[in-house]
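Peer 1: Have a look at this one.
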Amino acid sequence: MGFITKAIPLALTAASVINGAEILETRAGVQTLADKYIVVMNDGISDKDFDSHRSWVNRNHRRRLIRRGAKAMGGMKHTYNFPTGLKGYSGHFDEQMINEISKRADVKYIERDARVQINAIEQQDNVPSWGLARVGSKEPGGTTYYYDSTAGEGSTAYVIDTGTDIQHEEFEGRATWGANFVDDMDMDCNGHGTHVSGTIGGKTFGVAKKSNVVAVKVLDCNGSGSNSGVIMGMEWATKDAQQKGADKAVANMSLGGAFSQASNDAAAAIAKGGVFLAVAAGNDNVDAADSSPASEPSICTIAASTEQDSKADFSNFGQVVDVYAPGDSITSAKPGGGSQVLSGTSMATPHVAGLGAYLIGLGKGGGPGLCDTIKQMAIDVIQNPGASTTSKLINNGSGM
């Protein structure tokens, strides 16, 4: 997955069946990682049977390396065990080993792991932002953000991205480092994650100015990562939120790619775990039904609007879109201090995650049901939203 200030397609769609397990085939143009796979177990598999399967994989992998004396494969790398769903693992295996795994009756499907790359559409320093004013107003063109003084207090936002500059003055000590699944640098060396975090909970740029922010790094300095690493970040955020109170948590994923069943299943597991998840629709001006995790129906999928209340020309659209939010020329925090301007559905999505945190602070409940609340509060103003797409734009209900 890459973040949605422009993502290359990533996906595995059509399925072939080999001895019972689906090995999902890769679409043309997808940058797969050589000999790397994501294996997803059957629904409902017990922890005991999952442990037994992994032991079998590790034994067989070691035996194959000893017997062959050929190119070394790394074997199993990440293990996924969401509290409310997805169990599986990723790793580096040769074709024969993958075929052996596919014969197992306890395997649901296998995907090739894939890489994504994000690219900012536009960047400019120190330009006033309009997005906040639009969230707090019924009419366009305002310059004031109206909001309740609770401002998301007591809520926590998990930003699954490039990391966050937790020392930035925007966060006033409310940002913490959570986990890193991509490199050994616990910092935002790209800038995307800090911008997203600022829109959620920054004192100046944030929709929920008193919310806590947790950085979950899954993309590197170039905005690049893998589906397998992103799923690890999703699992970590789900477990941490459940330990601290899932009904007080929101998660933001300003990233994505072409359809991936594993990514969608992981997103569904976050929602099933009681966490409100906002996901970018994508920046390719196409139907988001072919994007992941945007196409997962149990989460909240966000398209980008302009200051003139029209669909941003880059924004994806379609029936899977739940709501529009400001995403064109949005000002927010940048690493090291100060601000920058970025555009994309990446920038629209944290307005919605921030609104979710804001509503939690107001006592409006939490969890995936927040998406319905946000849609009910939205105003019907988007011009030319796209085929079969909602024309609703988010609003915080301040009445202004």
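Placement of Cβ uses the backbone N, Cα and C atoms for every residue, glycine included.
As listed in Swiss-Prot for this protein:
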- 1-20: signal peptide (SIGNAL)
- 36-118: domain 'Inhibitor I9' (DOMAIN)
- 129-400: domain 'Peptidase S8' (DOMAIN)
- D161: active site, charge relay system (ACT_SITE)
- H192: active site, charge relay system (ACT_SITE)
- N222: N-linked glycosylation site (CARBOHYD)
- N252: N-linked glycosylation site (CARBOHYD)
- S346: active site, charge relay system (ACT_SITE)
- N396: N-linked glycosylation site (CARBOHYD)
Peer 1: Based on Cα coordinates, which of the following recorded positions are within 10 Å of D161 (active site, charge relay system): H192, N222, N252, N396?
Peer 2: H192, N252
Peer 1: What three-state secondary structure does DSSP assign to D161 (active site, charge relay system)?
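Peer 2: Once the DSSP labels are grouped into three classes, D161 (active site, charge relay system) ends up as strand.
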Peer 1: Nearest to N222 (N-linked glycosylation site) by Cα, among H192, N252, N396 (recorded positions)?
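Peer 2: Nearest listed residue in space: H192.
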Peer 1: Sort the recorded positions N252, S346, N396 by C-alpha distance from H192 (active site, charge relay system) and give me just the closest.
Peer 2: S346
Peer 1: Any idea which of the recorded positions N222, N252, S346, N396 has the thinnest Cβ neighbourhood at 10 Å?
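Peer 2: Per-residue Cβ counts within 10 Å for the recorded positions N222, N252, S346, N396 bottom out at N222.
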Peer 1: Secondary structure at N396 (N-linked glycosylation site) (DSSP, helix/strand/coil)?
Peer 2: coil
Peer 1: In angstrom units, rounded to an integer, how far apart are the Cα atoms of S346 (active site, charge relay system) and N252 (N-linked glycosylation site)?
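Peer 2: The Cα atom of S346 (active site, charge relay system) is 9 Å away from the Cα atom of N252 (N-linked glycosylation site).
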Peer 1: Looking only at the domain 'Inhibitor I9' (36-118), how are its residues distributed among DSSP helix, strand and coil?
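Peer 2: Final tally across the stretch: 30 helix, 31 strand, 22 coil.
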Peer 1: Fill in the CA-CA distance, N396 (N-linked glycosylation site) to N252 (N-linked glycosylation site), as an integer in Å.
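Peer 2: Between the Cα atoms of N396 (N-linked glycosylation site) and N252 (N-linked glycosylation site), the distance comes to 18 Å.
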Peer 1: I'm checking region-level scores; what's the whole-number mean pLDDT for the domain 'Inhibitor I9' (36-118)?
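Peer 2: For the domain 'Inhibitor I9' (36-118), the model's average pLDDT rounds to 89.
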